[in-house]
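Participant: Below you'll find the structure I mean.
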Amino acid sequence: MPSLSRLSNLTESVSTLSQLAAAVTETDTQAKCIDITHCRTIWNIIWSCLATIFACAWVAVHRNVPDPTSSLIRVNLDRVAITICALLVPEYMVGWAVRQWLVARRIAEGNEALVKLARDTGPRRDSAIGGEMVWHNSLCEKLLEEAIQVHDIHKQDAQAMEEKATKAGVWMGTWYRFYAMFFPNDDPKWTTTHGFFTLMGGFYYLDPGRPPRPLSPVEVAACITDGSLELPKESDISDKSKGDALSKFFALLQTIWFVVQSIARPLQKLPLTKLEIATLAYTSINVAMYGFWWYKPLGVSRPVRVRRFNADPATTTTTTESTTLFKKLETLLKAVMGSQDDDANFSKLRQVPAFYAGKPTEWESIVADAIALAFAMVFGAVHCVAWAFAFPSHAEMLIWRIASIALVGVPAIFIFLIVLWACELKMAIKSLLILSLIGIPFYLLARVMLLVLAFTTLRSLPLAAFETVHWITFIPHI
């Protein structure tokens, strides 16, 4: 009996010591938060996350050139609407960015070849009709064929020169490419920036008797062939987008601060909240979006004016515009599918459509969709980082894990579907297409659930989540 009594006393002592240790730890954590520089509140967490998400989305989205006659309020409302789209469906915005990037490169290469051809042979014009020179599609096709040949010849010459330079140990070409990444080239030649500028409606036709309208990429090519377009320098185009340099700087600074503190917290054994994990996911996909739009001018509001343009009858055909509900739904569906470019009639537009990508080829669309889906998988994979985190309840932990798997799995199914489509395996496509259609609602539901859980789990955070990494506070941030 004495031994049992001693064992009971020992157990009570161990329990008391455990409680004292927990109390000491809690008191130590609370003591750290007495100094405001060592703690943060729930509002601080929410504010830093929302500020980072909005700053990334606001700067990452490179909108097209607005209507020059629109009011400042209208322009800002349109930009807010596109930013909201970037917050709700960032995967779609990445797909749009990739499409524009691919088409901009193609436009730059083709138009540069046209410029060289026009420089060698002189401007090309067709017969005069009604006192106006008319440029035909047949001539464009002929010129493009010649331009491709010229481009291939120049490309072969460039490759031969590069091989000789490499053998001789000359690295000036590499240094020049590195230098050009940070300093725009002032040579009047077509670059990817010019291609983006064309896609976003940077060239406007101004006639005193007609309302201003943007020129389509085909019409810009026509202006090149007849010599009516004076190509602006890349630095001049960059000057048009310097109005947002300050906002770009603050967004970059906020993003760097958030990423650094998200890495530093686990290194110091401090937990991240679910909202911070969701913010990291948004940051990763917005950085990808910004990367594909690196050479696209940001915030351009003043287009380049073209005062002499020989209109092509094919681009000025009259079409009846329907404003019925069915037509609006059809337009919305085409925008979602990325096929709205086919209906763009530039002769009747006051500005380039919001998500215009310049009619990418089938292969370019496949590549863009695959890249966008891959980044959608990255978006879901970042949420999987919180797999082993503590949750207020077991149900919330289970929902978070299932939703994270859905964000990775559903895009993977679509990538597999794209591969089957490219391989023309029609039997497998039908079955996988049904599975994909079922997965879309589940994917959207998973996105909503993760967003809700990111906020609801803030109600029960460990005390260590309120501690801050002291040296991070010295980095300027919002």
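Even glycines carry a Cβ here, placed using N, Cα and C.
Annotations for this protein, taken from TrEMBL, read as follows:
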type     : residues : note
TRANSMEM : 42-60    : transmembrane segment
TRANSMEM : 80-98    : transmembrane segment
TRANSMEM : 366-392  : transmembrane segment
TRANSMEM : 398-420  : transmembrane segment
TRANSMEM : 432-455  : transmembrane segment
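Describe the structural context of these features.
Facilitator: Beyond the transmembrane segment (42-60), the same-chain residues lying 6 or more positions past its ends with a Cβ under 8 Å from any Cβ of the stretch are 83, 86-87, 90, 93, 244, 247-248, 250-252, 254-255, 258, 273, 275-276, 278-279, 282-283, 286-287, 289-290, 293, 298, 455, 458, 461, 465, 477-478.
Using a Cβ-Cβ cut-off under 8 Å and counting only residues 6 or more beyond its ends in the same chain, the transmembrane segment (80-98) has close neighbours at 53-54, 57-58, 60-63, 282, 285-286, 288-289, 292-293, 336, 338, 354-355, 357, 367-369, 371-373, 375-376, 379, 411.
Long-range Cβ contacts of the transmembrane segment (366-392) within its own chain (Cβ-Cβ under 8 Å, at least 6 residues beyond either end) map to 90-92, 94-95, 98-99, 102, 271-272, 274, 277-278, 280-282, 284-285, 288, 338, 360, 400-401, 403-409, 411-412, 414-415, 418, 421-422, 450, 456-457, 459-460, 462.
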